[in-house]
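Engineer: Dropping a structure here in structure tokens format, bear with me for questions.
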Amino acid sequence: MAGAGVSSPGASKTPLRSPSSALPLLGAERWEGRALSGSSPCPPTGQWLLASSAWREGPHSLHLLVTTGALGLVLGHPFDTVKVRLQTQNTYRGIVDCMVKTYRHESLLGFFKGMSFPIASIAVVNSVLFGVYSNTLLVLTATSHQERRAQPPSYTHVFIAGCTGGFLQAYCLAPFDLIKVRLQNQTEPRAQPGSPPPQYRGPVHCAASIFQEEGPRGLFRGAWALTLRDTPTLGIYFATYEWLCRQSTPDGQNPSSATVLVAGGFAGITSWVTATPLDVIKSRMQMAGLKQREYQGMLDCMLRVPPPLVGMSWPGTACSSPVRPPPTCPD
């Protein structure tokens with residue numbers, strides 16, 4: 001990785017279209033349409049491929065950014081539901097068992113529980129993330145958007161800017177993510193005559209119930225774990241994406257659509273793997289409010305997570321995330 005004061009290779013030549021050089025300054029130029037899931041540290045791999053495609057084509061409106069992010073979210077949400085249930089429940093033997101039981105008891109709609117609030121938060125979360133990322137690069141490099149096209153910033157600057165964007169967007173994402181996780185963990189089928197209703201009737205009722213039972217701080221339960229998850233992983237995503245694009249593109253050319261898709265996908269996978277341990281902790285702490293503060297804090301939760309957690313490992317052995325289509329990461 002290049003040092004903070006060292007220009008990247010080929011800086012004097014025609015720059016590549018990359019996260020750092022393609023993103024406009026907030027309030028100075030129009031968005032180029034990068035989309036992230038509202039529920040992920042960095043958009044998971046499938047959503048990142050869609051995001052990268054929009055990035056490459058350079059749409060010129062926030063409307064397209066939100067539309068692309070929403071499409072990626074719809075594709076990735078069923079996998080996210082399975083992931084969350086494996087992280088917080090002990091009733092499944094594995095990924096396939098979770099998918100089969102969810103379909104049998106809740107039908108196909110069970111995989112899409114809790115999706116409305118992430119979709120509603122896409123515009124806010126993406127605006128904060130990419131706005132902070134772009135302006136942080138401005139501060140670090142002291143160059144305008146046009147100048148960065150001629151001299152791309154170092155990987156260190158890209159990483160720091162990504163971490164800064166991830167840190168600040170986490171607090172915008174926290175309440176939406178909490179509600180999503182609570183709704184995803186409701187395993188009751190659709191309400192039928194004579195059957196007991198689920199604890200939460202929808203996202204608004206869920207938010208109101210949490211506020212009433214746990215107070216305002218309850219809406220930010222697990223926010224520290226979410227922040228620690230998103231801060232380094234978004235830095236890793238942007239730096240990895242930048243490096244892959246530069247390595248795969250001849251000097252003086254912009255990366256092809258295929259390069260952008262592959263770079264976005266691998267960057268999403270890389271960053272998500274690093275996010276998994278804290279994602280497990282985050283999900284468990286978000287559900288702990290239903291059990292009268294089962295954990296005393298994040299460290300207590302880390303120490304009490306069983307080593308062979310379904311679909312993950314903590315602590316010790318290499319942890320692997322359940323299959324998710326991107327990234328983000330870049331939900």
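Glycine is treated like the rest: Cβ placed from N, Cα and C.
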Engineer: For which of the residue intervals 111-134, 159-182 does TrEMBL record transmembrane segment?
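Structural biologist: Checked against TrEMBL: transmembrane segment maps to 111-134.
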Engineer: Summarise the repeat 'Solcar' (153-247) as counts of helix, strand and coil residues per DSSP.
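Structural biologist: Helix (H, G, I), strand (E, B), coil: 72 helix, 0 strand, 23 coil.
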